[in-house]
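Quick notes on the structure that follows.
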């Protein structure tokens with residue numbers, strides 16, 4: 001986990017630096033194009049990340065014989081995804097009246113096959129607990145991507161900026177993974193009959209990948225029609241900002257917890273204990289991060305971008321209040337994947353996707369941009385609790401105690417967050433002077449103290465478990 005933190009720390013730092021730079025250079029409307037492009041890419045997520053890597057991790061004992069077949073399948077499936085994304089570029093450009101989308105998605109589609117194969121190479125390293133090697137590649141990829149991103153933006157590429165930088169970085173990552181893993185994937189050595197058999201074997205896993213992406217992006221399908229380009233730009237910018245800040249937690253959940261949970265297949269009580277232990281620790285860590293965002297975002301956004309992105313304050317605040325709940329749902333999903341409950345996982349993801357688009361549409365109809373993000377937040381909370389309910393039911397056959405556990409976990413965060421949002425006027429201000437910055441910092445510190453005291457009173461054992469978990473991560477370096 002320490003190497004995950006290091007890699008994601010580098011990635012997050014570079015992401016923030018680049019976003020500060022791009023926030024000045026690129027227009028608000030360009031971010032609207034980024035948002036719709038990422039939605040189109042989400043529709044091809046099953047092609048570029050068909051969860052073949054997760055299937056290999058789940059079948060760890062048969063990895064050597066499965067790798068050749070699955071890597072060839074991943075590459076060929078990625079080629080189909082590449083063509084599908086190019087077609088989507090034309091459809092989205094016409095549907096949402098964004099002609100630049102076509103070129104953006106053509107360039108993005110070129111790297112889909114490599115992304116697909118990369119998941120199989122990373123799975124081999126993950127099964128050997130070579131997190132250091134995986135994250136060394138991630139660090140190098142981040143350096144290449146963000147250097148290319150800034151350079152291309154300076155050349156005036158506008159909407160093409162991210163697509164070209166992503167293509168360069170993904171090619172580099174593929175070459176680096178080949179070198180680190182010493183594995184030789186098969187790109188074309190798979191007969192049509194074997195391709196069909198593999199597709200049938202992995203159908204639920206692949207569907208899960210499609211639905212997972214859809215559950216994260218289905219709001220854009222309706223908001224692209226209901227909000228104007230400027231509002232979509234603010235919405236996308238805020239989501240990208242929060243995503244970059246919470247990336248260490250969200251990626252660590254997927255990359256580290258899945259192989260750990262997969263090793264506990266067959267021992268449901270042990271798996272339930274680990275799911276609950278990790279959930280509690282991640283909620284506490286995520287709550288601290290989100291309180292920092294709640295306390296400082298309004299002042300820092302105004303300071304860093306000179307008022308250009310001030311309309312994102314409410315969106316960032318709403319997302320910061322929702323992310324600790326989102327983390328709980330992510331861990332529940334990883335737990336279901338680890339034990340191979342793909343049908344249930346897919347059903348929950350489909351439910352989340354429908355819920356997200358519905359609530360976002362209702363919110364946008366009632367309140368425009370702010371209403372849209374309010375609907376998104378409601379979906380985050382509801383979807384996460386439903387996922388946690390089902391993982392407990394699957395592992396122990398009952399859900400008794402779940403409500404009390406989640407209430408204890410979230411009460412400190414909700415109380416501290418409410419203090420910042422309701423009692424502090426600086427949360428809604430746009431001043432960026434030293435006095436305003438000092439006031440925001442002092443209020444944030446007070447909220448963190450309140451959170452710590454309440455956590456100690458309500459979740460003392462969880463706090464000890466979280467500290468022990470940190471010690472274990474440090475010991476594994």
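Heads up, the Cβ atoms here are built off N, Cα and C, so glycines get one too.
Within the set 143-165, 166-188, the record from TrEMBL flags 143-165 under the feature transmembrane segment.
Within the set 31-47, 48-64, the record from TrEMBL flags 31-47 under the feature transmembrane segment. The largest share of C-beta pairs under 8 angstroms with the transmembrane segment (195-214) comes from 67-92, of the ranges 67-92, 104-131, 311-336. Among residues of the same chain six or more beyond the transmembrane segment (143-165), those with a C-beta under 8 A of the stretch's C-beta atoms are 10, 14-15, 17-18, 21-22, 25-27, 30, 33-34, 37, 100-101, 103-105, 107-108, 172. The list of residues near the transmembrane segment (311-336) in space but at least 6 beyond its ends in sequence, with Cβ under 8 angstroms from a Cβ of it, reads 212, 234-235, 237-239, 241-242, 246, 249-250, 253-254, 257-258, 261, 271, 275, 278-279, 282-283, 286-287, 289-291, 293-294, 297-298, 301, 342, 344-345, 348-349, 369-370, 373-374, 376-377, 380-381, 383-388, 390-391, 394-395, 406, 410, 413, 417, 421, 427-428.
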